[in-house]
Amino acid sequence: MRNQQPRRAVVNYGGRGMAFEELISWVNEAYEAKGIATIEKIPTPITVLRSEGARISGVYSKKSSVDYTGSYRSRPIWFDAKSTKNKTSFPLDFVEQHQVDRLIRHDANGAICFFLFWFTELNQYYLMPLKSFLCYWNRKETGVRGSKSIPLNEFEANAIRVDKSGRGSLDYLAAVDHLIDVSGLSPA
């Protein structure tokens, strides 16, 4: 009898957050239909390797940008959507440096930049402005102990809770309105 090795589970992170992105895209369509904002999903660049009928094989041709861009209240808007099953914190390893760099560049040019987070097990949504996010990101990058994630209580203190309501299923633009009002950001 052969010594059988236990099978290792295959973990696929590729679809992580797809339901969240579908929800945001649906909300964005509702915003546009009502003339509130124009916000679109940025497709990930893919190089097709081969095509066999309806089946297509490909690879990412370069790193993706952030998830969404558009305009709202005469201002450019850029953001990335992130989700986690974790009930107590958001792991910063889910964010890539090039995404942060892209948001920093657009923020420097006057765009409204943020991350939209979904704690799936708690069904809680938060909008964290880029400047708040960078406090946690920079701590992680400099190796501060205990800084590999953002605790949930930090979201409650330094992010804006997003509820499901009026303008769409997930009215994240109400949180953007709050961000604009408290930050003193004026329309461009």
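Even glycines carry a Cβ here, placed using N, Cα and C.
In TrEMBL, annotation is done automatically, which means it is predicted and not curated.
Residues or ranges marked as Mg(2+) binding site in TrEMBL: D67, D80, Q99. For K82, the entry in TrEMBL reads site 'Transition state stabilizer'.
Between the CA atoms of K82 (site 'Transition state stabilizer') and Q99 (Mg(2+) binding site) there is a gap of 12 Å. Using a 10 Å radius centred on the Cβ of D80 (Mg(2+) binding site) and all shown protein chains, the other Cβ atoms total 25. DSSP classifies D80 (Mg(2+) binding site) as strand under the three-state reduction. Here the Cβ of K82 (site 'Transition state stabilizer') has 21 other Cβ atoms within 10 Å, regardless of which shown protein chain they belong to. For Q99 (Mg(2+) binding site), the Cβ neighbour count at a 10 Å cut-off comes to 19, with all displayed protein chains included.
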